[in-house]
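See structure below.
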Amino acid sequence: MARIRFQQTLIVLLSLAAFFRVGDAGCPIASLGRRSLKQAPVPAQPALIFGFYDLTCPTLNSIIDTRMRFWVLQDIRTPGKVLRLFFHDCFAAGCEASILLNSTAEFAAEKDAPISVTLDKFQVIEDIKSEVETACPGIVSCADILALAAAKAVELAGGPILVTETGRRDGVVSYLAGATASMPLSTQKIPDLEAMFVQAGLDINDLVILSGAHTIGEVHCSNFADRFDPAANSPFGDVSFGQELLAFCTRNGAGDIATLNLKTFMDLQTPNSFDISYYVNLIIGRGVMTSDQVLFNDLRTQPMVREFAANRTLFFESFQASMLKMGRLHVLTGTNGVIRKQCGVYP
Ligand SMILES: *[C@@H]1O[C@H](CO)[C@@H](O)[C@H](O)[C@H]1NC(C)=O
Ligand SMILES: *[C@@H]1O[C@H](CO)[C@@H](O)[C@H](O)[C@H]1NC(C)=O
């Protein structure tokens, strides 16, 4: 218990640090303010809290629960896809729902970046938002709805019941280039993956922990095609597993391997259960993407993979802590940002 409390204190400190960095880097007025900090300090905006909407939208959690259950019944792949939307939102410019915005005549949005092409289930968030607008108009941000839906996704896939902070507000811009520059790639190895996580405001432990989300969801052959190229030096530890994947990815001819035509599960043992089999698979050389398998192959991260593969409680507790930490990245709170009426529509 003491350890968890310490971890959370540390996370609060880290998130404050991240908050000030954003102000400095992102907003020209804030950087002017910084230069003349002694004369005119920029007032700090409030941090996220638990239960931000308890009084203003008491039915929020039950709407999230009901609608997510409905959508999971329609499609069992919903949890993986909604969780992925949240990751993509937080990594590119912070958890402010910019991933949900369409491109405009002037600007190409995050959603249209090549890395976003396979994102899905925008309509789930839009559906929840419309129910929430009926119950409590103009109160709840799309950024918070996405965070709460992602937590519910983990729960409905059999993972931990996650607590989620709220109080985020929605951004008013979305840039394709931001998404491209922010997202880790499936072909990257530890040093590059770590750099992407650090750039986002996370660390190498979060990399190992949040990659555990690959215990659910699907992956296109194009995301691990690099591993069939001997020159790429990313062979499958389990050779016959690699051969099975190659046979699957080339069953309609070799051309499909680099397209988005074919996909398989990320965790072939229990594809729709949020559990520790992702880490078990890494140990036996059955990681699917390069960015998965390197978590075990690299000696810096291997001990953590072994610990999670042996201790579900430890993985679940760690996942909770990393989700809170990620959920605080570059958030807009207080008087910053807006509450959108529809998540895909510019305010
Ligand atoms: C698993 O992790 C939990 C949480 O950190 C810890 O309390 C427990 O002792 C661990 N179990 C084993 C068998 O190591
Ligand atoms: C966003 O674009 C998609 C097609 O790319 C369209 O179906 C959807 O209606 C648009 N959403 C909004 C809010 O304009």
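Even glycines carry a Cβ here, placed using N, Cα and C.
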Given TrEMBL lists Asp267, Thr270, Asp275 for Ca(2+) 2, the same-site residue among Thr215, Thr250, Thr301, Thr313: Thr215
Cys343: disulphide-bonded cysteine as recorded in TrEMBL, out of Cys95, Cys136, Cys142: Cys142
Among Glu106, Glu110 - the residue TrEMBL places in the same Ca(2+) 1 site as Asp89, Gly94, Ser98: Glu110
Cys57 - recorded disulfide partner, TrEMBL, among Cys90, Cys95, Cys136: Cys136
Selected from Cys27, Cys90: TrEMBL disulphide partner of Cys95: Cys90
Mean of pLDDT values spanning the domain 'Plant heme peroxidase family profile' (47-347): 96
Cα-proximity to Cys90 (disulfide bond), 10 Å cut-off, over recorded positions Ser98, Glu110, Cys142, Cys221: Ser98
Of Cys142, Cys249, Asp267, Cys343, i.e. the recorded positions, those within 10 Å of Ser98 (Ca(2+) 1 binding site) when Cα atoms are compared: Cys142, Cys343
Rounded distance in angstrom between the Cα atoms of Cys142 (disulfide bond) and Asp89 (Ca(2+) 1 binding site): 11
Nearest-integer angstrom distance between the alpha carbons (Cα) of His88 (active site, proton acceptor) and Cys95 (disulfide bond): 9
